[in-house]
Amino acid sequence: MCYLSLKDFENRAYEYAEHDNRQQANPLYHYAVSSWGHHAREASMTMDHSIIHFLQTEAKVSGISQALMVSQDYFNSLDLGGKTCVHIATLFGLKEVVVDLLSNGDTPDPRDSNGKTPLLYAAAHGYNALVDLLLTTYGVDPDAEATRPPYDQGRTPLSFAAEMGKEAVVKLLLARQDVNPNSKTTASSWTPLGYAAEKGHEDIIKQLLDKGANPNVQLTGSYGRDGQTPLSIAAESGHDAIVELFIAHPDVGINLRGESNWTPLSYAAENGHTGIVRRLLNKGANPTIPMTQRNIRRTPLSFSVKDRHGEMEELFPPDRQIRITLKYVQSFAMLYYAAENGHTNMAKRLLDKGADPTVQETYGPYKQQTPLMVAAENGHDAIVKLLLEAGANPNLKSTGFRPHGGVKYFGRTPLSLAAENGDEAVTALLLNQKHIQVNLKDDAGRTPFYCALVNGHIHVANKLMLSGGSFAGEKLEPDRYFNRQSPRLRTGRRDLVWIRSLDKATIEVGELRLTAADGRSPFSTR
């Protein structure tokens, strides 16, 4: 307090630069402003008349009020303030100081520039004795709403206490008949139940539900969250015990749809909360409701496949879910995600129910990608085998790009991708295909053999050579596609070895020497 009483800290700053200069010149200022009251409370010096004198000095209160608003990251906070002595004493839980101030005629429920009363601060910080004092002794409005838009407008003491997990304050407020458990924010209809659900305050949710809080209030005007209920908020956040509380409530709408047709099950599936998905399905959640988002149609099952939630797949009724998913979701997307993420059982189920293994993507940056390409690229040989047996074409090329080494390239085949990654199992599966074209080049002029060799994958390069793979006299494209230095220099390998001599190509131990059809070796730089 002595530090904050310095003349340098009197009055508010009128320019951002002025406030910043004050902070930089006085490194302890922010800490002192935000902590002095807590030290005073813990030191049991709240009846010290120096505190009363300090708070009744208008110039000092003005500076502290503004600094407190800035420390809470309020937008345009240099124009804010308005905290009275009662606000500040309440903010730090100085009950005796509040009593003294109110006994001397201060108003018990003034509003600061954020439209908040002392009761709102006492409730948010869990000062139960102060809340009780303001309500019972001074009769302040227990449902007084914050008035500053957009986010706090309409919030009540119960709303703040529920969000901050202040159980004793919530209990005290709910014991009153004049407190509304279903109060809503003006902008987006958040209720105390919604805030408690998001933060995971189980005991507070029990109190609110026992007092008649509505579990089906849906958010409005909240970007990307319109229509969410407390149940879907808890499902999205992964609060299993709270979801259990909600689904046990007789009035809960387990299939209430929000923005883009999303349900609590949708949110749980998207975020991989397997236990919650199980609970919702067991309670009758509808897994067949299709969602739309950015013109892409999804089902809860499609989330489990796309986002690598393998265990979750088994929770959905298999035959019906596959039919529904294939009806509402592009079969390419489902099979693509299964192939990309290694979900072998799901890939088999999709193929058994009619998913097309030859389909190519027609949107996004990865145009003409196939499920076989992503399975080969990611080394999922079991899925590669399934797709080939189902009739996938191993010679299709992509026309879009995938990021690689900071560049973009086109025209890749499954064999090219497997060779580049040195995947012997996938390479062998592809080479065993009757109509495989071993020397298909990408748009940079690289064959699968080149991709294997330049990355030091000798065993794969050997398999490709034995199957007819070569440089094939290609003209390699400019440096933006790849480094034109020799494979030996790029890989640091001098032992690209023991590949047998075939036709005009010769590879020897210790020093790679391969003669291509046009007379160049892999070490050529032109």
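Note that Cβ sites are derived from N, Cα and C of the backbone, with glycine treated the same way.
According to TrEMBL, the repeat 'ANK' annotation covers 81-113 (among others).
Within its own chain, the repeat 'ANK' (114-147) is flanked in space by residues 69, 74, 80, 82, 86-87, 90-91, 93, 95, 98-99, 102, 108, 153-158, 160-161, 163-164, 166, 168-169, 172-173, 176, 178-180, 183, which lie at least six positions past its ends and keep a Cβ under 8 Å from the stretch. Among the features that TrEMBL reports, repeat 'ANK' is placed at 114-147 (among others).
Summarising the annotation, TrEMBL assigns repeat 'ANK' to 153-174 (among others). Each residue in the repeat 'ANK' (153-174) has a pLDDT score, and their mean in this model is 97.
Annotated repeat 'ANK' per TrEMBL: 188-220 (among others), in sequence order. Helix, strand and coil residue tallies for the repeat 'ANK' (188-220), in that order: 17 helix, 0 strand, 16 coil [DSSP].
The list of residues near the repeat 'ANK' (226-247) in space but at least 6 beyond its ends in sequence, with Cβ under 8 angstroms from a Cβ of it, reads 191, 193-194, 196-198, 200, 202, 205-206, 209, 215-220, 253-254, 256-259, 262-268, 270-271, 273, 275-276, 279-280, 283. Sequence annotations record features per position, and here TrEMBL assigns repeat 'ANK' to 226-247 (among others).
Sequence annotations record features per position, and here TrEMBL assigns repeat 'ANK' to 260-292 (among others).
Taken from TrEMBL, the feature repeat 'ANK' covers 330-362 (among others).
TrEMBL lists 367-399 (among others) with the feature repeat 'ANK'.
Taken residue by residue, the repeat 'ANK' (410-443) breaks down under DSSP into 16 helix, 0 strand, 18 coil. As annotated by TrEMBL, repeat 'ANK' applies to 410-443 (among others).
Residues 332, 335-336, 338-344, 347-348, 351, 357-361, 410-415, 417-418, 421, 423, 425-426, 429-430, 433, 435-437, 440, 442 of the same chain lie 6 or more positions beyond the ends of the repeat 'ANK' (367-399) yet place their CB under 8 Å from a CB of it. With DSSP classes pooled into helix, strand and coil, the tally for the repeat 'ANK' (260-292) is 18 helix, 2 strand, 13 coil.
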